[in-house]
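Colleague: Sharing a structure, written as structure tokens. Questions coming.
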Amino acid sequence: MVADNGDEPDDDNNKLTLHVPETSHQISTDSWFQAGFVLTTGINSVFVLGYSGTIMVPLGWVGGVVGLLLATAISLYANMLVAKLHEFDGKRHIRYRELAGQIYGREAYYITWALQYVNLFMINIGYLILGGSALKAFYVLFNEEHTLKLPHFIAIEGVVCILFAISTPHLSSLRIWLGCSTVLSLIYIIVACVLATKDGLNAPPRDYTIHWTSTTSRIFSTIGASANLVFAFNTGMLPEIQATVRQPAVKNMLKALYFQFSVGVVPMYAVTFIGYWAYGSSTPTYLLNGASGPLWVKASANMSAFLQSVIALHIFASPAYEYLDTKFGITGSALKLKNIAFRILARGSYLTISTLVSAMLPFLGDFESLTGALSTFPLTFILANHMFLVAKKNKLSSLQQSWHWLNVGFFALMSVAATVADEDEGVADIEITNSRLLRDVHALR
């Protein structure tokens with residue numbers, strides 16, 4: 001823990017003058033390998049079971065494969081830019097908002113904070129719904145009456161997440177759970193791949209045609225799928241993860257990113273491509289819903305997806321937990337009665353609100369597309385390129401500056417276009433993936 005002036009930004013010529021902010025959580029304690037597993041846990045979370053339907057179906061083989069490869073490359077590049085700015089101006093910035101504030105000033109501090117927390121809250125909502133959906137899918141395998149509905153299982157997911165958040169004080173304490181998350185991810189990914197492969201080998205020729213109802217539908221569905229692509233690879237909280245890494249923080253974080261974007265993407269690629277190959281344009285948005293196989297195999301995969309969503313949600317909720325713990329001075333042993341009581345109250349309240357929002361939604365919206373449009377594009381691509389441009393401007397050639405400006409402009413347009421596309425799909429109901437999504441969720445209910 002490093003002493004500091006507090007969590008509020010100090011204004012000096014409109015720039016922050018903070019040293020590394022004091023935090024109640026551990027920093028500089030983890031290896032790059034552990035950080036790599038944190039990143040890989042996010043990339044291979046239960047969301048991967050939907051990429052065949054939400055990425056490949058709207059884009060097809062050529063667009064989907066090329067899009068995934070390009071998204072991998074540009075996501076690695078953008079995250080490397082942020083990682084290299086971690087020690088900008090001689091200070092280590094352990095929160096995204098403080099890095100932005102140091103570069104731009106007070107207003108950027110608060111704008112980045114709001115943008116990031118909206119991003120993470122939306123991701124948490126997605127995990128609650130997907131975890132509840134996986135538990136519901138497990139339930140219907142053994143109960144034909146279907147007396148319990150999806151909101152009931154979202155509520156169960158919320159309770160389990162609260163218990164896990166109370167017992168896991170900070171991001172660094174996930175150590176053993178990261179291993180569990182990896183095993184759980186491999187279970188549902190391998191099961192999905194094996195069952196889909198079996199179905200594909202026994203099925204008649206599939207239809208891989210991209211079904212557009214109009215030119216407008218084609219444009220909007222393609223843009224929406226592009227937002228799904230960037231959602232798949234980015235956390236929106238890289239500085240917070242990098243804060244846990246031992247020195248040299250930049251070098252070690254780059255190793256973690258190389259791990260994420262090499263070994264870490266292989267399982268996601270496998271389940272995405274195999275799922276689309278097996279079912280074509282009829283691929284369900286929750287892949288296990290379309291797979292046929294032994295009851296116990298599907299049950300184990302769905303239960304693994306449910307449990308992994310609990311661990312993954314904790315990662316994306318950790319910045320909110322860190323803020324609350326630091327704000328109210330929660331220090332010392334995690335087993336102190338005062339600290340346990342605070343976690344019950346603060347984290348329980350946060351997750352209760354998140355669960356209520358999730359359970360009240362009429363259907364599972366395309367959280368990947370919406371989150372990518374509203375926050376992943378701005379946080380990961382626009383802000384990363386512009387921060388690097390401002391921070392390193394005197395060291396960049398005119399060609400390099402033009403390159404970063406091109407990225408800023410392009411991803412700004414993509415963010416606006418993806419937001420409009422998502423709204424158009426939701427209101428006009430012209431995009432066929434959304435109708436399939438609604439069908440799948442009604443089946444779960």
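Cβ coordinates are placed from backbone N, Cα and C, and glycine is handled just like the others.
When I checked TrEMBL for this same protein, it listed these features:
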type: DOMAIN; residues: 29-419; note: domain 'Amino acid transporter transmembrane'
type: TRANSMEM; residues: 32-53; note: transmembrane segment
type: TRANSMEM; residues: 59-82; note: transmembrane segment
type: TRANSMEM; residues: 108-130; note: transmembrane segment
type: TRANSMEM; residues: 150-169; note: transmembrane segment
type: TRANSMEM; residues: 176-197; note: transmembrane segment
type: TRANSMEM; residues: 217-236; note: transmembrane segment
type: TRANSMEM; residues: 257-279; note: transmembrane segment
type: TRANSMEM; residues: 299-324; note: transmembrane segment
type: TRANSMEM; residues: 344-364; note: transmembrane segment
type: TRANSMEM; residues: 370-391; note: transmembrane segment
type: TRANSMEM; residues: 403-421; note: transmembrane segment
Colleague: Sort out the residues at least 6 away from either end of the transmembrane segment (59-82), same chain, that have Cβ-Cβ distances under 8 Å to it, and list them.
Modeller: 99, 208, 210, 222, 225-226, 229-230, 232-234, 238-239, 254, 257-258, 261, 265, 269, 272-273, 276, 380-381, 384-385, 387-388
Colleague: Cβ under 8 Å, sequence separation of at least 6 from the ends of the transmembrane segment (176-197): give me the contacting residues as numbers and ranges.
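Modeller: Long-range Cβ neighbours of the transmembrane segment (176-197): 34, 37-38, 40-41, 44-46, 48-49, 168, 267-268, 270-271, 274-275, 277-279, 287-288, 290-293, 297-298, 300-302, 304-305, 307-308, 311-312, 314.
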Colleague: Pairs 6 or more apart in sequence, C-beta under 8 angstroms, 3 or more of them: is that satisfied by the transmembrane segment (150-169) and the transmembrane segment (299-324)?
Modeller: yes
